[in-house]
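Here is the structure we will look at.
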Amino acid sequence: MEVWILQLFNGISVSSILLLVALGLAVTFGLMNVINMAHGELIMIGAYTAYVVQHAFLAYAPKASFDWYFVLALPLSFAAAAFVGWLMEIGLIRFLYGRPLDSLLATWGVGMVLQQAARSVFGAPNVAVTSPSWLNGGLDIGSGLVLTYKRLFIIALVLAVLTAMYFYIYRSRAGRNMRAVMQNRDMAACLGVSTRRVDAASFAIGAGIAGVAGCALSLLGPIGPSLGTYYIVDAFMVVVLGGVGKLIGTVVGAAGIGITSTMFESWTSASLGKVLVFALVVAFLQWRPRGFVAMKTRALDGQ
Amino acid sequence: MLSKGTGLGRRIPKPWLLAAYGVAVVLLLIAPMFLSDFRLNLLSKFLAFAILALGLDLLWGYTGILSLGQGVFFGVGAYSMAMYLKLEATGGKLPDFMSWSGIDKLPAFWAPFGSFGFALAAAIALPALLAFALGWFTFRNRVRGVYFTILTQALVIIAVTLFVGQQGYTGGTNGITSFKTVLGFSLSDPNVKTALYYITAAVLIGSFVLCRWLVSTRLARVLEAIRDGENRVRFFGYDPAVFQSFAFALSGAFAGLAGVLFVFHVGIISPSMMGIVPSIEMVLWVAAGGRGTLIGAVVGTLALNWSKSLISEAYPDGWLIFLGALFIVVVVFLPRGLVGLFGSAVDFIRRRGKRHDRIPYRPVVPEGERQL
């Protein structure tokens, strides 16, 4: 019984990290159809922002307030990654709309340059980030089961980001414009929506969420220039499995991949578990080729 | 758009083209006389890569399917041959890395690789089968474009994890190494190295001729038609999935063959040579040379790899920045690659004389890509 609860908690925890990493992609890939291979590097930027904020607190803030650096690091990570994302959009991505394979190659190039830049600024080895002390320890739920606060915090953070995104996309004017532009660009433009600005803003928001993910990942272990590349392919799988264009699909995809992979990995080995998950995703696509939740469309080629 | 010939043949008069190919073949033949052993070995490696690039060009340039998983097929081919070479080096006994990881009997699936013929056949057939299976299960459901690309990338991740994880069978992170002989010839003998170079060059020329022939057949018309408008092809009564899977399997076979030759020249194969980064670099070879031209794939592979070794010798950190910038420049400014640039220059020169009937240049963006 305890094993099952722990398994489930691990699964949910892995899912929440996958979801956090994939939420940004749900905007840039899911809504805008841009394959942003530099997404991993935007995550890395968020993580390094947390690192820099922490060092700034060590150097300038009173010692007692150190624990609160993380509260400042979260919005700053969002801002830093969103700014880089915005620069990418106005400098490169805007020329590549409608050419997803080209955007894949070009953003891969951007990712490489960003990674090398991080390597020259922060050095190639990983750096450690000290987590705030209020996140150390865990919740003891009896019979030797401890749910660590860090994982619980990340689950809460994912819920918060998800809620914020829901309200932005489905309940705000800006979000309505965004959906309108993604669904029918010409019609939205006719009705006075500045599609250029909506594109740039959407991409920046997707990038910013990647930054938040990076900030959260800095809680879990050391961070380095190749931090994002570990997560990027899994995150794309989440979006493909969940289906494009709806937030709920991303949630389902992350839960599916996260829970099944922890299950398989505990039954077999880590490497065989990955193979099984992949086989399962391909099998799933036999049943629903467009992912779990797909936008309904009558267009011949979909999306 | 079912125009015949997306390559250079349309622009450059045939005698000139044949002469250019002749010069290239002669250069390949005399290269061992000018290059040091080290450079010749590099060139052999790049020629092997070029074979892979040809297959990728058939898949991407002609059929419009971008695979980021070529590293896996390359790796499977290379591992098959490496298993043979390893068994030959140990005289059919248990390889050293197996006894380190606590395996005391040669695994059953290793045993047949003691035969050269089987290893070579497996090196080509296994990647082709793997590609066909993955292609069949995805294309049949009309999973395509970027979704397919992401699936191939996931394939790379799981292949690498699998090869690293199953250390007892694959040698783990270190891969398979320390080979001595092939069919009794010492791999460290300079004469054998030169012979292997000529074999690689011959295989490359053979592959090129095969591909050239293939793109002149009706099969290639169908592939190009799928690239330009998959649904219209479906309405004509063809089943695109069959053709797409075939093209994918073919590119897998070429990648496997390239892996075999690579192992001969480099003497090691490890999971890091089939990972995400090498797989994406392979795509850039084709993109930089000019996709859909075949010769572009070869030119791009040689040019990029040659500059990679020169740049990383001079500035060890510079290559990544250079490569990253190259991705951006090629995509934004040179969508038709180096060969396309050359083709535009030829067009420009030929039209200078009769400027009044000059047709404005319109880049061809395949319909399939516009829709996605």
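Cβ atoms here come from the backbone N, Cα and C positions, even for glycine.
Now, the feature entries from TrEMBL:
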type: TRANSMEM; residues: B:16-35; note: transmembrane segment
type: TRANSMEM; residues: B:42-62; note: transmembrane segment
type: TRANSMEM; residues: B:108-139; note: transmembrane segment
type: TRANSMEM; residues: B:145-164; note: transmembrane segment
type: TRANSMEM; residues: B:195-215; note: transmembrane segment
type: TRANSMEM; residues: B:246-270; note: transmembrane segment
type: TRANSMEM; residues: B:282-307; note: transmembrane segment
type: TRANSMEM; residues: B:319-349; note: transmembrane segment
### Task
Kindly say whether the transmembrane segment (B:42-62) and the transmembrane segment (B:145-164) touch, using the definition of 3 or more Cβ pairs under 8 Å where each pair is 6 or more positions apart.
no
### Task
Examine the transmembrane segment (B:246-270) against the transmembrane segment (B:108-139) and state whether at least 3 Cβ pairs sit under 8 A, considering only residue pairs 6 or more apart.
yes
### Task
Go through B:16-35, B:108-139, B:145-164, B:195-215, B:319-349 and flag the stretch with the largest number of C-beta pairs under 8 Å relative to the transmembrane segment (B:282-307).
B:319-349
